[in-house]
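Undergrad: Pulled these features from TrEMBL for this protein:
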TRANSMEM  20-39  transmembrane segment
DOMAIN    43-457  domain 'Cation/H+ exchanger transmembrane'
TRANSMEM  51-67  transmembrane segment
TRANSMEM  73-94  transmembrane segment
TRANSMEM  106-126  transmembrane segment
TRANSMEM  132-150  transmembrane segment
TRANSMEM  232-254  transmembrane segment
TRANSMEM  274-299  transmembrane segment
TRANSMEM  319-337  transmembrane segment
TRANSMEM  357-378  transmembrane segment
TRANSMEM  399-419  transmembrane segment
TRANSMEM  431-452  transmembrane segment
Amino acid sequence: MSHLSTLQSSTDLLSTSTIIALTIFFSLLCACIVVGHLLEESRWANESITALLLGLGAGAVVLFLSKGNSSSILVFSENLFFLYLLPPIIFNAGFQVKKKQFFKNFTIILMFGIFGTVISFCLISFDRYLVLKLQWLTFAANTAGAFLLFKRIGVTSLNTQDYLAVGAILSATDTVCTLQVLNQDDTPFLYSVIFGEGVVNDATSIVLFNAVQSIDMDNINALISLKLLGTFLYLFFSSTFLGIAAGLLSAFIIKTLYFGRHSTDREVALMMIMAYLSYMLAELLNLSGILTVFFCGIVMSHYTWHNVTESSRTTTKHAFATMSFIAETFIFLYVGMDALDIDKWKASSASAGTFVAVSTTLFALVLVGRAAFVYPLANFNTCIRKRGSSNIEFRQQFIMWWAGLMRGAVTIALSYNQFSNSENNNTKDSALMITSTMIVVLFSTVVFGSITKPLIEAVLLRHTKPNVSDATDIPSLEELRIMFIENGEANDTGENQPAAAARRRSGLRLLLTHPTWTVHHLWRKFDDRFMRPVFGGRGFVQFVPGSPTGAADETSGT
């Protein structure tokens with residue numbers, strides 16, 4: 001009897017609905033892994049679409065069993081998404097990224113990820129009301145943005161902040177489907193740019209969204225754009241600095257104390273906890289957690305990872321990748337089940353025609369906003385590259401445009417944040433915006449995602465040429481080193497003033513002609529001389545018997 005009462009009390013501590021929800025989700029996760037493995041060679045399906053469709057199917061079953069009533073299992077929680085699911089995905093992206101390829105194309109990644117997102121944000125959210133408020137922009141008074149189009153459809157209760165938020169919400173891309181098709185070895189340039197842009201784009205969209213929330217829209221004046229820019233730059237650089245600082249701190253602690261001599265578990269636990277702590281600190285300080293944890297991952301992979309034992313390296317590499325994979329699959333399941341939350345659809349009280357009109361408008365703005373910066377920025381990049389270098393072909397520009405058309409969980413989470421439980425907006429219009437955003441996400445992921453693989457094979461892989469990469473027109477590090485030496489780098493002592501001036505001019509000429517690789521060469525010198533002796537890294541870790549440091553890694557390149 002006592003055992004029975006104990007079992008009853010433990011069951012009371014755990015909500016039955018919570019147990020049911022977790023059981024369903026873990027069962028679906030297992031199903032996604034198995035089905036995804038079976039469909040790995042399929043041209044029309046991938047793990048993202050599989051998880052989304054399984055989520056929709058499970059949501060339909062739950063809705064049927066509950067006789068059309070809403071269930072807590074189906075409700076999307078933005079706290080769950082931002083605090084638990086997103087951090088491991090972004091951290092692993094930074095931890096596993098091929099740093100040399102990423103930073104080699106860093107300029108175009110920033111162009112697409114920051115300037116492109118800002119252009120898309122402006123085109124999507126730009127409304128006539130704001131333009132008329134800013135007298136210095138009256139030439140654009142007839143701009144057809146979200147404001148003008150929604151007014152014609154009948155969505156009239158949204159305010160200026162809502163329209164700006166819509167621009168930030170729809171600017172957040174989801175490049176997972178495209179990255180699952182592209183291969184880092186076959187198309188290194190495209191993979192690097194699309195991957196890098198996806199991470200920077202999500203961070204930029206969230207930073208823009210937070211910047212919009214922090215501005216008083218009741219007192220709009222001509223300085224509003226400068227305030228937005230200032231807020232954005234502050235959030236961007238502060239978040240990046242925090243991530244780098246957290247990564248360096250973890251490297252210094254592990255290198256100094258050398259946890260591996262006592263416990264491999266401690267150093268692995270410290271890496272995981274400090275990575276998550278960086279994200280939470282960023283959120284606590286109202287910064288961008290995505291940028292912080294991403295750069296924390298890059299710094300940890302460059303310094304901290306080389307300071308731990310060989311067994312810890314293997315453990316962390318696979319543990320971070322596994323956590324990211326599970327979280328990513330869970331998100332698509334979550335989105336699919338949330339799409340059938342019947343309360344949102346009832347609250348909107350909209351007709352099928354209204355749903356189609358609003359969703360089509362949103363998706364059209366996505367198409368136009370994406371095209372408005374991909375092709376101009378790609379051609380601008382071609383113009384500023386030196387003559388004779390490899391250019392970004394039109395088919396590659398098309399793949400870049402296509403990769404950014406799909407929307408995912410970040411879009412849904414921001415939509416909930418803006419329109420859920422809003423006191424200033426009409427409840428029907430808020431629910432309509434959430435459900436219409438959901439339609440855009442489902443349509444873009446399922447329809448566009450399913451034809452991504454055959455499209456890329458038809459457009460890109462069947463016309464394979466030597467990889468488009470700036471490596472073809474930029475000298476190697478050894479060549480740059482020789483060029484520096486020939487221009488007087490070795491004569492640091494005893495050189496006269498004209499010789500020093502000539503060396504500075506030569507260094508400036510190298511920086512202008514080969515900026516990316518020149519900066520990389522200078523960074524490697526600074527890193528080897530100042531950073532690695534303090535924070536560790538490949539070749540700078542003391543050898544302790546019983547705690548192998550990986551001699552093979554010391555002789556390999558970065």
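Backbone N, Cα and C atoms are what each Cβ position is placed from, and that goes for glycine too.
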Undergrad: So which residues does the transmembrane segment (20-39) touch in its own chain, when a touch means Cβ under 8 Å and the partner is 6 or more beyond its ends?
TA: 45-47, 50-51, 54-55, 58, 62, 72-73, 326, 329-330, 332-334
Undergrad: With Cβ-Cβ distances below 8 Å as the criterion, list the same-chain residues six or more beyond the ends of the transmembrane segment (106-126) that contact it, or say none.
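TA: Contacts of the transmembrane segment (106-126) (Cβ under 8 Å, skipping residues fewer than 6 from its ends): 140, 143, 145-147, 163-168, 170-171, 192-193, 196-201, 203-205, 208, 236, 365-366, 368-370, 372-374, 377, 380-381, 400, 515-516.
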Undergrad: Spell out yes or no: are there three or more C-beta pairs under 8 angstroms between the transmembrane segment (51-67) and the transmembrane segment (232-254), with each pair 6 or more apart in sequence?
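TA: Taking Cβ pairs at least 6 residues apart, the transmembrane segment (232-254) and the transmembrane segment (51-67) are not in contact, as fewer than 3 fall under 8 Å.
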Undergrad: Would the transmembrane segment (399-419) count as touching the transmembrane segment (319-337), i.e. at least 3 C-beta pairs under 8 angstroms with sequence separation of 6+?
TA: yes
Undergrad: Restricting to the same chain and to residues at least six past its boundaries, which positions have a Cβ under 8 Å from a Cβ of the transmembrane segment (274-299)?
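TA: Counting only partners 6 or more residues beyond its ends, the transmembrane segment (274-299) has Cβ contacts under 8 Å with 82-83, 86-87, 90-97, 99, 199, 202-203, 206-207, 210, 235-236, 238-240, 242-244, 246-251.
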Undergrad: Report, as numbers and ranges, every residue of the chain located at least six residues beyond the transmembrane segment (73-94) whose Cβ falls under 8 Å of a Cβ in that stretch; write 'none' if there are none.
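TA: Non-local partners: 17, 20-21, 24, 59, 62-63, 195, 199, 202, 275-276, 279-280, 283, 289-290, 293-298, 300-301, 320-321, 323-324, 327-328, 330-331, 334-335, 337-338, 340-341, 409-410, 412-413, 416-417.
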Undergrad: Tell me, please, if the transmembrane segment (431-452) and the transmembrane segment (232-254) are in contact, taking contact as 3+ Cβ pairs under 8 Å between residues separated by 6 or more positions?
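TA: When sequence-distant Cβ pairs are counted, the transmembrane segment (232-254) does not touch the transmembrane segment (431-452), since fewer than 3 lie under 8 Å.
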